[in-house]
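J.: Here's a structure for you.
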Amino acid sequence: MTALLLGALGLTLSLAVPGILAHARWPGRAPVAAIVLWQSITLAGILCALGVVLAGPQELIDEFGSGKPVGVAALIAALAVATLIIIRLLVSLAGVSYRSRTRRARHRMLVDLLDSAERHGALPAEVPDGLRVLDGPLPFAYCLPGRRPRVVLSGGALQVLDSSQVGAVIAHEQAHLRYRHDLVMESFTAFYRAVPRPLRSRAPLDAVHLLLEMAADDAARQRNGAEPLRSALSVLSDAVSPEVPDEIASGATVERHRRLDRLAGADTRSVALTVLASAMAAGLLVLPTVILVVPWLDRALTAWPL
Amino acid sequence: MALGDLERDVMRQLWDAGEPLTVRQVHERLSGERGLAYTTVMTVLDRLAKKGVVTQQKADRAYRYAPAQSREEMTAALMLDALGTAPDAAARDAALAHFVGRIDPSALEAAIEAAKRRP
């Protein structure tokens with residue numbers, strides 16, 4: 001029974017819930033708590049899979065009352081599969097984080113060599129330490145996370161943005177760096193790659209990406225107000241991807257519209273939603289453990305053949 | 001002066017020169033601005049060569065150094081890398097950077113092409 005319930009919960013968490021949560025509007029009002037909820041859903045899904053693998057064989061044996069050698073074999077097989085799942089996740093995480101780090105290190109080295117910040121006078125008064133400027137007409141801004149982070153602006157961006165807008169963009173990027181949003185994104189990427197292909201879904205990745213942007217928007221808004229960031233965002237994105245009608249709009253366009261809409265009005269963040277989402281996140285991890293796993297463990301430890 | 005700044009200044013000299021330079025030539029061009037030891041310049045050029053951004057060629061018993069790519073080429077490659085459209089597929093999953101407003105890679109490629117055509 002435990003295995004069946006854990007399986008049902010796991011499938012719900014990995015197949016049904018992400019679609020619903022990805023389309024919900026409320027996470028925009030509590031982005032940080034929503035990210036925590038996504039993490040909790042993912043982690044709970046993994047724990048369910050492990051629970052099924054470990055509880056399943058033992059419960060089948062209970063049901064059909066097999067002899068001892070079969071029980072031992074089933075237990076060893078279950079432990080092997082569980083170990084395999086954990087190793088696959090860890091290998092994926094190690095791979096993604098290693099590749100990110102080497103690639104960023106090389107990128108940082110090149111950005112530092114190409115930097116032309118001192119030739120651009122239009123930078124705001126409090127320029128962060130890791131700011132770099134790349135020559136080029138295309139207006140863009142990004143950040144390079146890590147222990148020695150960089151905020152990179154193009155010469156084109158400095159041309160089309162005024163100094164308050166530049167300040168807002170820098171504040172947005174620094175929020176990404178300060179709260180290590182890269183680590184959040186890496187963990188979701190690693191999980192995505194570890195899941196077998198037919199079960200994979202991009203929904204958590206894309207949703208978390210948007211929520212991280214919103215969280216950084218909120219940080220920038222708190223420092224410089226919403227207007228400089230909103231106008232900077234619309235200038236930067238109009239310059240590189242022309243407006244398209246909504247019906248053929250890509251994910252990136254939808255994402256941009258949602259962020260612009262959010263910055264256009266008053267701050268809609270809600271304490272109640274934050275508390276609710278955090279409670280859901282905690283509940284997802286704690287309740288199945290208490291209701292299903294602890295009683296099962298109690299029974300299993302007395303019944304297991306080893 | 002930080003080593004990073006020195007590396008950047010040496011690269012600038014090489015890019016601006018438009019021809020391969022010897023250590024002595026780079027040293028002369030740089031030391032107009034500050035007192036720099038010849039060996040420091042040599043070390044920096046060696047480091048840059050190890051990183052693959054400078055090529056080393058032997059001519060007339062002296063090593064000459066040239067940038068591996070033009071400034072524009074390197075900038076373009078860097079922008080593609082930042083966007084995650086680098087040809088190395090394995091690296092693509094590793095989220096490199098957070099962009100302000102997602103850039104359409106085709107727009108970037110068009111802009112890079114346009115930049116190349118400019119004299």
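Each residue, glycine too, has its Cβ placed from N, Cα and C.
Found this in TrEMBL, in case it helps:
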TRANSMEM  A:6-24  transmembrane segment
TRANSMEM  A:36-55  transmembrane segment
TRANSMEM  A:75-98  transmembrane segment
DOMAIN    A:133-188  domain 'Peptidase M48'
TRANSMEM  A:271-297  transmembrane segment
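I'm curious about the neighbourhood of these features; can you describe it?
T.: Outside the transmembrane segment (A:75-98), and at least 6 residues removed from its termini, the chain residues within Cβ reach (under 8 Å) are 46, 49-50, 53-54, 56-58, 186-187, 189-191, 193-194, 304-306.
On the 0 to 100 pLDDT scale, the domain 'Peptidase M48' (A:133-188) averages 89 in this prediction.
Long-range Cβ contacts of the transmembrane segment (A:271-297) within its own chain (Cβ-Cβ under 8 Å, at least 6 residues beyond either end) map to 2, 5-6, 9, 13, 26-27, 29-30, 32-34, 36-37, 39-41, 43-44, 47-48, 51, 55.
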